[in-house]
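Asker: Take this structure first; my questions come after.
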Amino acid sequence: MGRDKFARQSLGPSLHSHIKQARVLMVGAGGIGCELLKNLALTGFGNIHIVDLDTIDLSNLNRQFLFRHEHIKKSKSLVAKESAGKFNPHVNIEAHHANIKDPQFNIDWFQSFAIVFNALDNLDARRHVNKMCLAADVPLIESGTTGFNGQVQVIKKGRTECYDCNIKETPKSFPVCTIRSTPSQPIHCIVWAKSYLFTEIFGISEDEAPELDHTESSENAEEIENLRKEAQALKNIRKSMGLEEFPKKVFEKVFKEDIDRLLSMKDMWANRRAPEPLEWEKLTQEALGVGPTVAQQDQSVWTTSENFVVFCDSLRRLSNRLEELRANANVGNAPPVLSFDKDDVDTLDFVAAAANLRSYIFGIETRSKFDIKQMAGNIIPAIATTNAMTAGLCVLQAFKVMKDEYDKAKMIFLARSVDRVISSEPLHPPKPECPVCSVAQTKLEVDTSRATLKDLVENFLKLELGYGEEFSVSTDAGILYDPELDDNLPKKFSEVGIKGDSFITVIDEEDDNPRVNLVLSIAEKPISEGDKVINLPTKLEIPRKPKADVAATNGNGITATNGVQDSLSDGFKRKREAEDLSNEDVQRRKMAKVAEGGPSKVPAPVDDVIVLDDDGSAGHIIIDDD
Ligand SMILES: Nc1ncnc2c1ncn2[C@@H]1O[C@H](COP(=O)(O)OP(=O)(O)OP(=O)(O)O)[C@@H](O)[C@H]1O
Ligand SMILES: [Zn+2]
């Protein structure tokens, strides 16, 4: 009771009773989710639904404080409900151990909430919830953290940018020539060891590795051909796996012969430091007395001979493992392979030592195994404090949303900074060219067992809505109809995978004054014989697309690079191109270049610029209920 009294005093009676009665949804019960659920329960939100598809892992326990050792392998959402329920017995929590993309969580279900909180770790689920909240016209508080960086964004249909208004960049890939011929940073050598050398020896093929960009231009085509030959020669060496001379063969191939070949291309080294090949015999001598246990020292930077010893030893360990798998494999099955896993010590030792040996050759700084683990595993450690701050800011923004004070709501950024840790900017209006939110949207009642695509295209879109000839119809699965693709017209909705709660997008492709995209959400409705099989229950107006010049103002949300995991992508950082900003904006915005590695153990994104928005007017965020 006491807590309730204080919450009432600080929030005011009206907001307090509003949040007590409202139903809210929290998607994701991980790092941010645990903090958020605790905040929601303690501030007096009365009805909370949680959705999480995962179970608890040992590695979650250091920051996801609603979970204890005895909960490992149990459902995150159910345990979160149990633990947070104890903080406030008056709160009604419902837990769903499920994927938020499951069909049971349809638009009507989303519509039953006053507000939705995203506490997710991947782009796909975030985009889905964004789309559902727009369709249901429910406000969404989107949040994300990476290391010391965090972001909170308020999204409301028609009033603010949506999650997809800013394009998200996909994880970084590296040109194959940088990795294979001209590395200049530790990450290049790590990607080489992990995505090229490791896979060529123990895995399938380099062509499978997503971190290598094989796009050929006329200048590099010849070199790429040479690199292919080089890889083929390595494949041949693979045949001697298990033999005594195997480590020496691999070593001499990749650290001597391949380097000698590169050296012979004089032009390549005219303006670069030329690589220096390593000698097997010389290193063998130098490494006398170094034992393989040095691999356990993961915080120190190993010497060349220590890397040499770990390289040979881990190569033997992995070869033995693969040989054993092969011996036990069933004939007829695909041959067994090994894959890199940062938590698999043999694979990590190999990648760390091989990357460092290559770094010596190219005069690049070497790294400790600990650092290499972070970089190769694309990990930026989660920081509990950032999650806690971000979750707190989510709730403060939610209060503004619940009071319908969108003018006071803000987009908030957290960053590791001596200057200002929290900065903010006002919410931006929806981007007119956004393919997700700047669309006309309506519900369509359809008898999907009877309606055909022709009913939709000819009778509904052309006759009823007045579309011309140039438009396309698609679903998540791809394009179903356009003027050149009319094979599907006789097919029923059910035959092309459209059912209740599916979305259909209609894109007007007329040159002259086209309509904005139309998103139709399908409501399944049996319709009696003789009646129209497709019905529009509410009146619909489809605005025309804004003229082309607005397209240039498209902002550019950016994800962390360096192939870092999804959780940090997801738009926690925003980068705007200079030309997008007015002069005044440019002055207000603060640019922080994060150098790779940096003084901390955290490998920062490699070569991108984070633009932090600095709220020049107010100077700071007032953490109160203004
Ligand atoms: N489609 C989805 N439906 C429901 N829950 C999801 C979905 N996608 C992700 N999640 C949940 O969102 C949560 C995100 O939390 P967090 O970023 O802390 O990730 P984590 O997996 O718990 O930790 P980490 O990735 O840092 O090891 C996870 O608990 C995850 O299960
Ligand atoms: Zn949008």
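Cβ from N, Cα, C; glycine included.
For 11-435, the entry in TrEMBL reads domain 'THIF-type NAD/FAD binding fold'. If you look up TrEMBL, you'll see Cys162, Cys165, Cys434, Cys437 marked as Zn(2+) binding site. The annotation active site, glycyl thioester intermediate is assigned in TrEMBL to Cys177. Per TrEMBL, coiled coil is recorded for 214-244. Feature annotation from TrEMBL assigns domain 'Ubiquitin-activating enzyme SCCH' to 315-373. What TrEMBL lists as domain 'Ubiquitin/SUMO-activating enzyme ubiquitin-like' is 444-525. What TrEMBL lists as region 'Disordered' is 576-607.
Quick one: how deep are these features, and who are their neighbours?
Answerer: The Cβ of Cys437 (Zn(2+) binding site) lies under 8 Å from the Cβ of Leu134, Lys157, Gly158, Glu161, Cys162, Asp164, Cys165, Pro430, Lys431, each of which sits 6+ residues away along the same chain. Taken residue by residue with DSSP, Cys437 (Zn(2+) binding site) is part of neither helix nor strand, so it is coil.
In the shown protein chains, 18 other C-beta atoms lie within 10 A of the C-beta of Cys177 (active site, glycyl thioester intermediate).
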Asker: So how many of the residues in the domain 'Ubiquitin-activating enzyme SCCH' (315-373) end up helix, strand or coil by DSSP?
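Answerer: Split by secondary structure, the domain 'Ubiquitin-activating enzyme SCCH' (315-373) comes out as 37 helix, 0 strand, 22 coil.
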Asker: Where does the mean pLDDT land for the coiled coil (214-244)?
Answerer: 75
Asker: Within the domain 'Ubiquitin/SUMO-activating enzyme ubiquitin-like' (444-525), how many residues are helix, strand or coil going by DSSP?
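Answerer: Grouping H, G, I as helix and E, B as strand yields 16 helix, 30 strand, 36 coil.
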Asker: Suppose the Zn(2+) site is Cys162, Cys165, Cys434, Cys437. Which further residues of the same chain have a Cβ inside 8 angstroms of that site's Cβ centroid?
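Answerer: Here the non-site neighbours turn out to be Leu134, Glu161, Tyr163, Asp164, Pro430, Lys431, Pro435, Val436, Ser438.
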Asker: Out of Cys162, Cys165, Cys177, Cys434, Cys437, which recorded positions have CB atoms lying under 6 Å from ligand 2?
Answerer: Cys162, Cys165, Cys434, Cys437
Asker: Going along the chain, which residues six or more apart from Cys434 (Zn(2+) binding site) have their CB under 8 A from its CB?
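Answerer: When sequence neighbours closer than 6 are ignored, Cys434 (Zn(2+) binding site) has Glu161, Cys162, Asp164, Cys165 within Cβ distance under 8 Å.
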Asker: What number of additional C-beta atoms lies within 10 angstroms of the C-beta atom of Cys165 (Zn(2+) binding site)?
Answerer: 25
Asker: So for Cys162 (Zn(2+) binding site), how many other CB atoms are inside 10 Å of its CB?
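Answerer: For Cys162 (Zn(2+) binding site), the 10 Å Cβ neighbour count is 24.
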